[in-house]
Amino acid sequence: MQTPFLTDARLFLALSLALLWALAMPGLALADTERGRALARQVYERPDGRDTASYGTMILTEAGREPRVRRLYSYRRDGAGGEVANLIRFTAPADIADTGLLTIDRADGSTDQWVYLPALGRDRRIPSSRKGGRFVGSDLFYEDLQDRKVDEDRHRWLRQETLEGVTTEVLESIPTDPDNSVYGRRLSWIHPKTLIPMRIDFYQPGGKTPFKRLRVYKVERIQGYWTVTDSLMQDLESGHQTRLTADETVYDQDLPERLFSNRALKDPALERPFRP
Amino acid sequence: MSLNPLRLPPVAALVILVSLAIVPMAIAALTLTINNSPEAYIPPQSEAAILERQLRERFPGDEVLVAAFVSEDLYQDAFLERLEQLVATMQEHPLVERVLAPETMDHISGTADGFVVEPLLDAAIRARLDPDERRARLLADRFAPGLLVSEDGGLIALAVRPRELDNSLQRLSVEDAFKQALAETGLEAELVAMSGQLPLDAAQLRATIRDSLTFVPATLAIGLVLIAWLFRRWLALVVALAVINAGVGTALLMLVVLGQPFTLITAILSPLMVSLSVAFLLHWYNAMAMAERQKSASEADAAATSPWRVRRAWGAIHRPALFSALTTAAGLISLSMSEIPPIHALGQSAAVGVLMLYLLVAWILPPIFARWDRGAWARPGKGIGILDAPVAWLRRLGMRYPRWVLILTVLLLAAGAPQVANVEVESDLFRFFHEDHPITQSNQVLTERLSGVTALEVVFEAPARDTFKQVEPLREIQAFREWIAARPEVDRVTTLVDMIEEMHWGFHAEDPDYRRLPAQSDLIAQYLFIYDGTDLYELVDRDFRITRVLLNLNVNGASKINAVIDDIEAFLEQQALGELTFDIAGFGRLFADQERLLIEGQIRGLMLAVGLIFLLMVVIWRSFSAALLCMVPNLSPILVIFIVMGLFGIWLDMATAMITGVAVGIAVDDTIHVYYGYRSRRARGRSPVWALARTYQHAGRAVTATTLILSAQFLLLLGSPFMPTNDFGLLTALGLVTALLFDLLVLPALLMVTAGWWWARGQRKAALSAPEADRSSRAEAREVSRRS
């Protein structure tokens, strides 16, 4: 039979543990936030060269339909002061050949985007507010093509989790300014060695379940840089999928700044010499 | 071997009755689904239904809830914020696929160096515009006027589009959620209209449930009160309740077995079965009461026992009850010729219910009454005696002036017959309600200030992928758009070409010269390649192989929709569409197809009803001429119903299409009861006059009482706010009363005329062989004539 003393002792112990937990929580939470932020910075600053040029395929698939296959070149250049420039040029199918998209992510977090239509022979600016627009009918939003600075989100390390046999760090990122992103939350499963997110779940603002998921299927070391060469973005509601593969990738060609201009966007000949 | 109605042990009979009164009703209550959607009225294997299913795999449905708001402050933040809140709430509803509103609809625009597909008016855009600019932005949009904003800018609307819904309760739930969201956002005062297929279905469901909750108890009450008043026996009342429950329960369970839902059509099943149950019971109880009255002095001791009374009553009615059950079932089964599933199912379910009623009344009730019925039966209440005078008057008129009665009847029917040509075959869901019903008024507001709510889709299909990125096929769509937009029945046309034109215009800094289809296929492909909105894929599939042209028609009637469909088909067949094929789909098509099915079903059903009843009559009477004669009082009410429909402009629609089958099926019972009595007496060697007089003395009151009770029960349906229920009640009652008049007036006249020759010949023969018998017969006839 239990004595009153023992009962009181257990109660005291339980209360003490609860108090300790309550006192420790903010500290623990703070630790997770710090760890998360550090991890996010590591991912952002992961070595990926001064510039990249790659040639690959974008495959759009949907149940009951033949996949749509597009061939494209993409170029990236890290500029001074944190500016990042991207140029994407489609080469196939024929009716969209030479269509291009130029994205300049400024150091202050703003983004300029232009699209070029060869049949019209002119480029047009896409407003930066159009983050949630689907890029060329794929499952990538314009926001997914933009450079996202570490400070634009609040990060929190959640846990370690094994993903397909690999231990990953699970990181939660929530936009500091809700108007700054189409997503309400992102969960990333980060491979600690390559610092590449092997999976990202995207949540709508207020959403309880993810509506989009990015999976990385293949990572290769090219010129000493870890490079994603096969990934899949899934719309979890419609089942629509966009697969991106990189057949050839070249780093550090010293891509010139003029390659990321409206003139180069309108003239595919300017970037041809830098194709991998 | 003679049939023995008392073979079943009374306890077993009681257990069967109680089980049938409870079990089928309980199973039906637990398993019957409610679905009144347009799809429920189309055979699943019909071309339109198959096309609809295929289309919905690629494109969203056209079922919507449209809500319109009017306020002085439509473009102020206070209103728009609440509207955005309402949209956000509805977007989160699990049954809602999309809410089309200024906030969620794509708007294509261009600037000197830019091009954008962005929301028409969301919070971010609202923040940079003043109220006048917001209004101007909505009105300047290519797609919003007539859809989300009235041409004068004084009304803003939104459309809630549900996911694919399985039943009407889900529609009701979406509508309820919308009303709750309206209350939460405080937008109720600004709401001026709420219409579309979803609220229409919800309103129909509410009306159907309301009618069922009102009229089933009401018809039940009338039946029970009359039984109580006429026969004054508790057992009769309790048994009646059980029989009615069993009849209704069996019919509803049959609906479940047939896999059919409860619709506004099958909702008629319950009051119909209550009425039929009461009719069967009245004949049985009347026979019990009559059995006691007719006992001879030698039978007095035996008559004191219930088994004797039951045997006597059973002997009098079991044959006519069987015949009338078969003919009523035949009339009802004729409805199964209709391809419209609810009408089909109603006929079959009611027919099975009627056969169940016969089994109960003829084989289950006798042992119960033989065992537990105590004491003498009261004469049917004195009140009903007032029926004797008009019944006798009509019968005398028919017997004394048969030729005049027949000539006058033929003349009246001939005079009215041209009205049949005026009967309009038309169904209009919005005319199912009175003018002052909120759904009718909302529809009027939306049609006048926005656009018609009848959605029609013209679907173009190409054999190869990316066809609709090419200029030539798009020009065909453009030509069709120009042609159809000029029609007065068409309020709005939305096509893929409109989207491409808007992009071309936007890419050229909104230069009006560029609001046209580009001449190069490459440019079209590139526009479509970079399109990053969502609205485009409501008009074309992602393979660019199937595109649909969305039409909003301002006509709601099936025949008017059919006329537009016919014209579209004729126009497109003349166009050089090349490899393109086309189909017409959408709610309008589904609804219009019902008209064709209605006409075909009506014609086939009528032929089947007449054919089956005639065949049964031939089998029952074993006489072709007798069967032919009995058809007259039953076919004439059909003619009268159509004359009245033509005269008063009542449409032949979903509900009225069922009346002939139901009315003939019920009305033929009276003819059978009357003619059975007449033939039995004639078979016993009585003269036509005597046989007729005695028959009407015995059966005339019963058939009149039955008809009046049934008619009263059907006339109750006039209290429904739902026009189909109204028309069904009115016309069925009219058919029954007409059939009664023909039974009381025209049938005796017919029998007098046709029997006259045979009687005269028989008299001549008898005079030659037995003068004494002749005198006796004549004296008998005089006596009957004097009494009557």
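Each residue, glycine too, has its Cβ placed from N, Cα and C.
Here TrEMBL flags B:772-788 as compositional bias 'Basic and acidic residues'.
Marked as domain 'Membrane transport protein MMPL' by TrEMBL: B:109-404 (among others). Averaged across the domain 'Membrane transport protein MMPL' (B:109-404), pLDDT for the predicted model comes to 86.
The domain 'Membrane transport protein MMPL' annotation in TrEMBL covers B:543-766 (among others).
What TrEMBL lists as region 'Disordered' is B:768-788.
Within the chain, the transmembrane segment (B:213-231) has long-range Cβ neighbours (under 8 A, six or more residues past its boundaries) at 237, 240-241, 244, 248, 270-271, 274-275, 277-278, 281-282, 285, 288-289, 377-378, 380-381, 383-384, 705, 709, 712-713, 716-717, 719-720, 725. Under the heading transmembrane segment, TrEMBL lists B:213-231 (among others).
Taken from TrEMBL, the feature transmembrane segment covers B:238-258 (among others).
According to TrEMBL, the feature transmembrane segment maps to B:264-285 (among others).
Positions annotated as transmembrane segment by TrEMBL: B:321-338 (among others).
Counting residues 6+ beyond its ends, the transmembrane segment (B:350-370) has Cβ neighbours under 8 Å at 5-10, 12-14, 16-17, 20, 235, 239, 243, 246-248, 250-251, 254, 269, 272-273, 276-277, 280-281, 283-284, 288, 306-307, 309-311, 314, 317-318, 321-322, 325, 328-330, 332-333, 335-336, 662, 665 in the same chain. TrEMBL lists B:350-370 (among others) with the feature transmembrane segment.
Taken from TrEMBL, the feature transmembrane segment covers B:404-421 (among others). When Cβ-Cβ distances below 8 Å are used as the criterion, the transmembrane segment (B:404-421) is approached by residues 397-398, 636, 639-640, 642-647, 742, 745-746, 749-750, 753 of the same chain, each at least six residues removed from its ends.
The annotation transmembrane segment is assigned in TrEMBL to B:603-621 (among others). Counting same-chain residues at least six beyond the ends of the transmembrane segment (B:603-621), those with a Cβ under 8 angstroms from any Cβ of the stretch are 323, 326-327, 330-331, 333-338, 347, 627-628, 630-631, 634-635, 638, 657, 660-661, 664-665, 668, 672, 675, 679.
For B:628-651 (among others), the entry in TrEMBL reads transmembrane segment.
Taken from TrEMBL, the feature transmembrane segment covers B:657-678 (among others). Within the same chain, residues 265, 268, 272, 275-276, 279, 283, 319-320, 323-324, 327-332, 334-335, 338, 343, 346-347, 350, 354, 598, 601-602, 605-606, 609-610, 613, 620-621, 626, 629-630, 633-635, 637-638, 641, 691-692, 694-696, 698-700, 702-703, 706-707, 710, 728, 731-732, 735-736, 738-740, 743, 747, 751 sit at least 6 positions outside the transmembrane segment (B:657-678) and bring their C-beta atoms closer than 8 Å to a C-beta of that stretch.
TrEMBL lists B:699-718 (among others) with the feature transmembrane segment.
Per TrEMBL, transmembrane segment is recorded for B:730-759 (among others).
Sequence-distant neighbours of the transmembrane segment (B:730-759) (same chain, 6+ residues past either end, Cβ-Cβ under 8 Å): 391, 394-395, 397-399, 401-403, 405-406, 409, 625, 629, 632-634, 636-638, 640-641, 644-645, 650, 656, 659-660, 662-664, 666-668, 670-671, 674-675, 678, 682, 687-689, 692, 696, 700, 703-704, 707, 710-712, 714-715, 717-718. Outside the transmembrane segment (B:628-651), and at least 6 residues removed from its termini, the chain residues within Cβ reach (under 8 Å) are 409, 413, 416-428, 431, 606, 610, 613-614, 617, 621, 659-660, 663-664, 667-668, 671-672, 675, 727, 731, 734-736, 738-739, 742-743, 746-747, 750-751, 754.
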